[in-house]
Amino acid sequence: MPENSRIVLASASPRRLELLASAGIEFDVFASDIPEEPIPGEAPADFSVRLAKDKAVATAARSEGRWFIGADTIVVCDGEIMGKPADGADAVRMLKKLSGVPHEVITGYAIYDKARDGILCKAVVTKVFFKPLRDEEITAYVATGCPMDKAGAYAIQGGAACMVERIDGSYTNVVGLPLCEVVEDLRTMGAL
């Protein structure tokens, strides 16, 4: 792929990397490193889109390529934005809050065209319904260490799959990148 037409994923997430690769897209990876704190009063979707945009633009300033994809996934339950848990106790708290109630998984993504200095930003929302969880289920899952680098303290594609009754919306969005939407937007922008 010519230097001036490369796609760069601005993320260290192995799940995003796997999803994008599964679509047969050639891309490079250049992890972004930006603060991930909401602005007081910021709506959850706006927060995730802002982070995605910041990741894409910051990565473009530090690396070669043409199109830069930034993404950020959050879980929202009863108005609380849940990012990655701080520790095991925080993971237990999050999973107890999600137990038996619907919540939203929001992935904001941004595709930045460095050559044209243009950006496309969107948020995709998927509703997830957890079954009621027993304390011992939560404790055993947290003990695996799996929840520690996941928004909302769970990975739908892993051991938490048995906690989910159903979803309304994009499965890949819950994993970390709404693949259908991202691929379509890459096509629209001329990257594919």
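Using N, Cα and C of the backbone, Cβ positions are placed for all residues, glycine too.
Look at Swiss-Prot and you will find Asp72 tagged as active site, proton acceptor, backed by sequence analysis. The site 'Important for substrate specificity' annotation in Swiss-Prot covers Arg15, Thr73, Gln157.
Annotated features taken from Swiss-Prot, shown on the structure.
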residue: Arg15; record: site 'Important for substrate specificity'; CB count, 10 Å: 19
residue: Asp72; record: active site, proton acceptor; CB count, 10 Å: 27
residue: Thr73; record: site 'Important for substrate specificity'; CB count, 10 Å: 28
residue: Gln157; record: site 'Important for substrate specificity'; CB count, 10 Å: 16
Original post:
Rounded to the nearest angstrom, how far is the Cα of Gln157 (site 'Important for substrate specificity') from the Cα of Arg15 (site 'Important for substrate specificity')?
Top reply: 9
Original post:
Three states by DSSP: which one describes Thr73 (site 'Important for substrate specificity')?
Top reply: strand
**OP:** Give the three-state DSSP assignment (helix, strand or coil) for Gln157 (site 'Important for substrate specificity').
**Re:** coil
Subject >> Between Gln157 (site 'Important for substrate specificity') and Thr73 (site 'Important for substrate specificity'): CA-CA distance (Å) >> reply: 15
Subject >> Rounded to the nearest Å - Cα separation of Gln157 (site 'Important for substrate specificity') and Asp72 (active site, proton acceptor) >> reply: 17
